[in-house]
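Let me begin by presenting the structure, written as structure tokens, before commenting on it.
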């Protein structure tokens, strides 16, 4: 993988990630294909929304169908028939979200398989081996996702263990002679001093890109913005920056303003299945009765298959009847909305008009523009 930085506007960056399997224009949003599928969508449909890279879930694919089934097909690309780049998370977040079902030690994490109750062990080394078999174009290190709230002492211990695990991940990745990219994950909770230690430690080890982890876990938005403003300038400018698990359209805009290049989130797909649709003017809850006889398109600014062909009334009808097609059409639209938003952000950075676009974006959804810290507006 090669990262090319093409243009900046304030802290925002316009670039591209070049892989053997294709080019990803950044800032980029990655749809989530947890079990080797973006729910309800064929790979061709996902590609038509404008997506250039997907996220797969190491934890879930390891438990089912397992490494052996994956290897029978070649790798995850062949298994799911997506031939563009794939980033896989390390399984860390899923393991730590199991709560009482898991036990953390220096060696790794022992937990109860949520599918069949078996006792399972996942370590940095094992995560690297699974992701190697998946053929991931971007491999994520195995880390502990520090929960929120966490006091300074807990966040420090967690971050320090994540650093040790980062080194073990790097070592096993290199032993496997994996020629793909490996990203480090910056931890440290909402504490700037701990984030500083994490960034320095990861940069000293050396990675192909750097993710900001442990955000979007319940902390106030102001804390997320503060940490991003503090951390992003410390990440080497020639490496991509990835904000994990984020998020709402506003979060993508704010991440880009602060220097983030890559995002992923289940929100567009999960919300689509619940009839919660993102449009230029905010959100449409398609189940609401006011859409029953609305012949208008969902979003007049959108060029997706759904908006080109169907009315709000039809989407409302499908939702009320719990028809599978409704969930599919909603998903097509939400994914296209996210990709159009990213394309607009890229264009605005290219033209040096990012803040003008930000004002337009918030004006359409009827919200004030969140302030940048003074050093970002100098």
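Cβ coordinates come from backbone N, Cα and C, glycine included.
Check Swiss-Prot against the ranges 259-263, 264-268, 269-273 and you find region 'RNA binding' recorded for 269-273. When 291, 316, 317, 333 are compared with the Zn(2+) site residues 302, 304, 307 in Swiss-Prot, the one appearing in that site is 333. Swiss-Prot lists 89, 90, 91, 92, 93, 187, 214 as binding substrate, and of 133, 137, 143, 251 the one it places in that same site is 143.
Record note: among 231-237, 238-244, 245-251, 245-251 is the stretch given as region 'RNA binding' by Swiss-Prot. In this structure, 264 is the one among the recorded positions 89, 143, 264 with the smallest number of other Cβ atoms inside 10 Å of its Cβ.
Sequence-distant contacts of the region 'RNA binding' (245-251) (same chain, at least 6 residues past either end, Cβ-Cβ under 8 Å): 93, 215-217, 221, 224, 263-265, 267, 278, 337-338, 341, 361-362, 365, 367, 370. Taking Cβ pairs closer than 8 Å, the region 'RNA binding' (269-273) reaches residues 31-32, 38-40, 327, 330-331, 333-335 in its own chain, all 6 or more past its ends.
Within 10 Å of the C-beta of residue 187 (substrate binding site) we count 31 further C-beta atoms, all protein chains included. Taking the C-alpha atom of residue 89 (substrate binding site) as reference, the shortest distance to any of the recorded positions 264, 302, 307, 333 belongs to 264.
DSSP classifies residue 89 (substrate binding site) as strand under the three-state reduction. With respect to residue 264 (active site, nucleophile), the closest of these binding-site residues in Cα terms is 93, chosen from 93, 143, 302, 304.
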